Amino acid sequence: MGSEQQLEVIKSAKVLMVGAGGIGCELLKTLALSGFHDIHIIDMDTIEVSNLNRQFLFRQSHVGQSKAKVAREAVLRFRPNINITPYHANVKGPEFNVDFFKQFNVVLNGLDNLDARRHVNRLCLAADVPLVESGTTGFLGQVTVHVKGKTECYECQPKPTPKSYPVCTITNTPSKFVHCIVWAKDLLFAKLFGDKSQGNDLNVRSSDGASSSENAEDAFERRTDEDVEQYGKRIYDHVFGYNIEMALGNEETWKNRNRPKPIYSRDVLPENLSYQNGNLEKDCPNGNSSLVSAMASLGLKNPQDIWSLLENTRIFLQALKLFFVKREKDIGNLMFDKDDQLAVEIVTAAANIRAASFGIPLHSLFEAKGIAGNIVHAVATTNAIIAGLIVIEAIKVLHGDTNRYRMTYCVEHPARKMLLMPVEPFEPNKSCYVCSETPLSLEVDTSRSKLRDIVEKIVKNKLGMNLPLIMHGSALLYEVGDDLEEVEVANYEANLEKVLAELPSPVTGGTVLTVEDLQQEFTCSINIKHREEFDEEKEPDGMLLSGWTQPPTKEKDTPTNKESTSSAAQNAVVDVDEVEIVPTNVGVDLGGTKRKLSDISSVATSAPTGVVDATLSIQKPDEVEDDDNDVVVMIDDSSLGANKKKRVQ
């Protein structure tokens, strides 16, 4: 493998792995077999049944246990003489601060979400520890190297964010199946089975005559004299019938749209079968309440079948009944979980019934589960390839072999018979607000927006800060922390509810805010620009952040079940979850079109070195729940323009 000196460097290295999922299992095994003797693993997740097909260190008997701890035990069976330290915890926890990171020679990421990646990137920058990033989706994957002052940091290039939809579109005018899924999952399911104290945009006013009064009852409250079957039909008629009729009353809304059709249970269920019970003996396999299934009790077996309106209606009513009969103790505390069969069934049925009302094509349970759970189906071989590449780059980093660092992309369609595309890393982006401290600009209505809007929508959501501190000059406007006095906490909480222009130190046009995260040891400046009007569709937050590298998010016309990239790769947009190929910083006019994977091949074959000049970024949606990572391929044709990016020499 190498000289004794090289092997000793590997043996003496202290390595931090973040993530023990699809990539993490392969990575831990490869590190152990490559001679690493001191490995630390952080992962907050427990093992689920859906992990077992690719996370080979885990078995059925491990379900429910810590991934980090079980992975350690599995590897020590064949490498008993090495040290593996597991942490069943969130990497964003206070114990994993800059000092913690400073003890490592290199950090290796196998994460599944953008927020945690940004957090680790900033800690590595603050601790001056090299970071090797990675991600896979299907047959695609990448490994990138980030060394402070020498290469781009993880946030130097744009990262897509999860698509959000205006509430009015979800509640009143859905046009795509994903809109129906969001409605069924985030509004209807939450209203039926979630925390009753949480706000909800569903119309809950009863369709009874009393609904015209101020004391109209909540239609979702089950009446004392009402059995579960009567309640189910009443809920069905309210959300799919009455609410649609109410929406149709606004003629202005439907001038340029297709009018939806109200659907009532009496119109769908046969008269002699106004409600058909399923077989309650079949709905709970092995007595496990988490496996309760409306499909099983109704004799529906294939999750890839597209149910008829009648079948969706029966599934909806049966699933609702089963929640009350078999899982009543869970009601009031439930959140949607893609591994909860009954939850997936009722969300699929509800989304399909709503889709039928609005003339949107219906989808199978398999497809609906993929959309609702943000599932990116993984390929174990890709994870293994990427894990090997991570270790190769980690060894280069440990030896200080800067000239040989490579960002490597695993592509589905080979160019020059190559499936792996190595790319020399680029120097830091001088416009990066993270590693180059370039100021940001925020357009906001300072006379209407509150400090809470800035904290939640900008500082936490877009900038990824966990423990923010906000200052205007020497005035401290907001701070969080365990060491604050009660009076300080009260003052900062009061500030959150104040309009920006009415804060103790008023924030108006021209103000410069300093925002800092003490845990990440990260600081940035935000220049405030006052603006009064915003486009509700394009700027739903009512504010616009500039200088924050985010590409436009494309709303897909037909969400797929995300099983594979093979068919989608023939299209202009590779449509697997948020997998897109987008030209950035292009120096010549490419007409704004998105690039096919085949275009990567053409770029690669035309390059003198035979490699693609690309920058591959990763996303998983707030909403990616799978253990493997989403990937966004971004072609950077800046070599064609005047602002050519410099590769690391």
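Heads up, the Cβ atoms here are built off N, Cα and C, so glycines get one too.
Among the ranges 201-224, 249-272, the one that TrEMBL lists as region 'Disordered' is 201-224.
Applying an 8 A CB threshold to same-chain residues 6+ apart, the list for C168 (active site, glycyl thioester intermediate) reads E536. With a 10 A radius on its CB, D43 (ATP binding site) counts 26 other CB atoms from all the protein chains. Each of the binding-site residues D112, D115 was scored by the number of other CB atoms within 10 Å of its CB, and the largest score is that of D112. Here the binding-site residues are C153, C432; the one with the fewest Cβ atoms within 10 Å of its Cβ is C432. The CA atom of D43 (ATP binding site) is located 26 Å away from the CA atom of C435 (Zn(2+) binding site). Counted with DSSP, the domain 'Ubiquitin/SUMO-activating enzyme ubiquitin-like' (442-534) comes out as 24 helix, 30 strand, 39 coil. Spatial neighbours are here defined as Cα atoms within 10 angstroms of one another, and by that definition C156 (Zn(2+) binding site) has no neighbours among the binding-site residues G19, G22, N53, D112, D115.
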